[in-house]
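Per TrEMBL, active site, nucleophile is recorded for 354. According to TrEMBL, the Zn(2+) binding site annotation covers 194, 303, 505, 544. Per TrEMBL, the feature compositional bias 'Low complexity' maps to 57-90. Per TrEMBL, the feature domain 'Neutral/alkaline non-lysosomal ceramidase N-terminal' maps to 102-409. The feature domain 'Neutral/alkaline non-lysosomal ceramidase C-terminal' is assigned by TrEMBL to 575-742. Marked as region 'Disordered' by TrEMBL: 44-93. According to TrEMBL, the transmembrane segment annotation covers 12-33.
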């Protein structure tokens, strides 16, 4: 390739861009307190448990025992890794005795956090800030233990983009403070569902802090509190029961979004599978000794990106909708987010799997852009977007979520980011005109990087080949490290089920290889016919993990495999070690390994807090636009209120919802709540104005099941007030619409 030279104009533009970027970076750095204070937190040991129900469905199997193993490795270019062992302690006194099964506890708690003035985590799209709420986000916890209280296991599925290392460390610290050695890093798995419509701001490594536009302690604390509350509820609710494992295929809801990368895998390996995605769903069903349902965990490989990057409403996407449907079915008479039955649709090896099954098309011409670079003839990669099966993203979310719900309820190297990382995917393109499949760098962007961040070393460039290095994050440490270099890997077994806690997004074939390797390791040591589940986005986030062959194509997933082309091989080695330790009962011999850092000072949010103001002559909660006097089912009732910033409510417990839809009951002369902001048929939009002014719009998409009668809509919020020379205070308020009638058609 001939060496490129720059014209005077290009040289001037590069200089100008470098200066502007350098000033921006300097200003961002001022927002950090770079004292470098780091605390290492150690956890101690504890115990575990399990269950089994009424006659199992076809293909179902009963779980009979449990075990855990954790490994902490240093994520460097070396192939060596250290391991960590669980610390044991005296089991709690048995709760019940003389029954065959497990102790089971399930719990659910709100972890929504901010729904305004914060980035949504997932698409890395500048300007995609939260501006309201479609559904609430929940933490769903499941605890299982032996009848004598020993061998305790905790699995938590959380409606967030991914679990950050800081989030896990804080949860473990607080669990140790409350429960001692009962719940520890070796028997607790935290897994993100990977919704791309949840708030950001809860990370400590620089790449994610910048993507989040700062660290939001308000959202971080709300997430931690919600996770802990769900575990507390599950702990309190533990009772004897049984667990069943079920498997079945889900068809028509997913495509491989990087088929050209998948084709790089050996043909002999691909020939063993009927599809380039994993269609199997694994379900763990929990019931009490009377056969009554307690909860369910489903693992299925699909990206929760039915809600695209034009969305500004906080929500849990397709997997959250599946949870919503199943919990509503089981918890009759309860509002969403309430009731004893808990259903989690957890992430799996979803790295290259999209729910947008109509495939990528050029939005300006309508023609297919299903090519190696995901580009369009006119407009390039920015025009290439995949769409789901519905009329819009709301409809697609429901279609995909309902399909999963229906199947689940049936009886069945150093880090570095490549150029294609900046291109995004067909589910959400990047903001700049990068394309996927780049195996060569660009002199323009290389110059910008070198001037601002310094040149990547020859060592890291050589290790990551054929990836061209855009950001050599493993060699950047100011103001804090840009990516984690200490990573937890973990396996928890429940009878014949092995849950592998994956700290990232495995592609389809990567997940298949890991499953086979772990199954083979168990079998070679006498544990035959193990069902191995890939539980993705657990404990710490390390982007994607592709196969070595997929890495060569350098599409988005490969460019985001931050530890280089042999990342998967390293993970397979580590997980085989854990499987062997469990099978040979030598978990206690694993070394503890290094502790991850816990940074004390992080960048403050870029969006500052300002005082809320109401228009002259108005107060917060006043109705600006009432609903119409009459509606029919299928129509949308809409009310606009004088609003205040919803982020004020994230740290205030006065109200548990931003809205309610209430029906007047003549027999009791009272208003009864029929839905809230966790209900799918409601939408809460916040419209930010100037100088602290804002409006709140509440929509109720009246369902076919709505009963005729008199209704009203209520809005609950908090406004920030600050008088001169006095600290700011947060005040609660509420507003109520005039009544309106819903009639039959």
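Every residue gets a Cβ built from N, Cα and C, even glycine.
Curation does not apply to TrEMBL; its annotations are automatic.
Taking the mean position of the Cβ atoms of 194, 303, 505, 544 as the Zn(2+) site, the remaining residues of that chain whose Cβ falls within 8 Å of it are 347, 350, 351, 504, 536, 537. Rounded to a whole number, the distance between the Cα atoms of the residue listed as 'active site, nucleophile' and residue 303 (Zn(2+) binding site) is 5 Å. Here the C-alpha separation of residue 505 (Zn(2+) binding site) and the residue listed as 'active site, nucleophile' works out to 13 Å. In the structure as shown, the Cβ atom of residue 354 (active site, nucleophile) sits within 10 Å of 24 other Cβ atoms.
Rounded to the nearest whole angstrom, the C-alpha distance between residue 544 (Zn(2+) binding site) and residue 354 (active site, nucleophile) is 14. Taking CA atoms as the reference points, the residue listed as 'active site, nucleophile' and residue 194 (Zn(2+) binding site) are 12 Å apart.
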